[in-house]
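In Swiss-Prot this protein carries:
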- 80, 82, 84, 86, 91: Ca(2+) binding site (BINDING)
- 173-357: coiled coil (COILED)
- 33-66: domain 'EF-hand 1' (DOMAIN)
- 67-102: domain 'EF-hand 2' (DOMAIN)
- 1-37: region 'Disordered' (REGION)
- 206-234: region 'Disordered' (REGION)
C-alpha cells in the first residue's frame, strides 16, 4: 500500500453515517485518524516549529512520499488557496483531506450519496471559515486541538458549538486588543527614541558651540596678554634709551670741560695743583660715568636677551596652548563616541526588550469565561478536553 493510500481518511456524509453497518469504523475514529496523520505530516514539514509551512518545507516529504519535487510543489500550490506562500495547520489539514479524496470503498457509492456529500460542508472547512470570520486564522500557532474539539462537539454536542464560538470570539477580541496595545507601545518607544536622538543632537551642538566660544575667548586673552607685555617692554626700552642718551650727553659735557681746562693749563700754571685735583675728580667722575655706561649697556644687553627669551617663551606657550586645545578636542571627541556607544546599547536593549515582550505576549492570552458543568443525565462530560488552544 502506498503512503498516499494510508493518508486517505474520508469525511462520511450524513447519508453514509446513517446507513453504515456496525462493523465499519465510526466517523469520529476516522476523523481522529485523519487528523493525527495530517498532523504527523505537518510536523515532518515544520521541523523548526514555526506553526506554518512553506513550499520548501513541503519538499521535505519527498523522502516520506513517492512524489517528485514538482508534484510536491503542485500539491502545495493547490493547498495554498490564499496564495500567501505558507500554510497553517487547518489549511494543510482541510486541503489535504480534499486533495487525497475518498478511499476505494467510497468509489462504489451511489450517485445520490455522492451528490448529498458534496452538498454537505465538511466540519473542518466550517471551522476554518469561522476562524477567518473572527480574524483568528493567523493568531493561533497550533490549531489542532481547537479543530479536534470542534469536530467532537459537532459530532457529540452540536448545541455547544455556539458556546465555543463565543469563547473563540472573546479570546480573539482580547488577543487583538493585546496586539493593538503592543503597537501603541512600539509607537511610544519609537517616539521616545526620536526624542532621545533629538536631545543627543542638541547636546552635541551645544558642545560644539561651547568649544568654539572657549577657543575664541582664549585667542582673545592671549592676544591681550601679548599686547600688554609688548607695551611694557617697549616702555622699559624707551626709558633705558633716555637714560643712555642722558649719560652720553653728560659724558660729552665732561669731555668738553676737560678740553677747556687743558687749554687753560698754560695760562694757569699757578693753579696747576688745583686743576690737577679737579682733573682727578673729573677723571673719577668720568670713570664712574663709564662704569655707569657699561652697566647701562650690560643692562640693555640683558634686556635684549630677556626680550628674546620671552619671545621664545611666548612661542612655546602658544605651542603648549595649541597642544592643550588639541588634547581637549580629542577628549571631547572621545566623549562624543562614548555617547554614541551608549545610544547604541540603549537601542540594543530596547530591541531585546521588545523581542522578549513579543515572545511573552505570543504565548499569553486572557482566559475565557468558565461555564457551569452540564447537569444532564448523560454519563459523559460535555467538556471532553480543554478548550484552550495551547
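For all residues, glycine too, the Cβ spot is worked out from N, Cα and C.
Within 8 Å of the centroid of the Cβ atoms of 80, 82, 84, 86, 91, where the record puts Ca(2+), the same chain has further Cβ atoms from 79, 81, 83, 85, 87, 88. The secondary structure of residue 86 (Ca(2+) binding site), as reduced to three states from DSSP, is coil rather than helix or strand. Per-site Cβ counts within 10 Å over the binding-site residues 84, 86 peak at 86.
In this model, the coiled coil (173-357) carries an average pLDDT of 87.
Counting only residues at least six positions away in the same chain, the Cβ atoms of 91 sit under 8 Å from the Cβ of residue 82 (Ca(2+) binding site).
All protein chains shown were included, and the count of other CB atoms within 10 Å of the CB of residue 80 (Ca(2+) binding site) stands at 19. The DSSP breakdown of the region 'Disordered' (206-234), given as helix, strand and coil counts, is 29 helix, 0 strand, 0 coil. Mapped onto three states, the DSSP output places residue 80 (Ca(2+) binding site) in coil. Every protein chain shown contributes to the tally, and the Cβ of residue 91 (Ca(2+) binding site) ends up with 21 other Cβ atoms within 10 Å.
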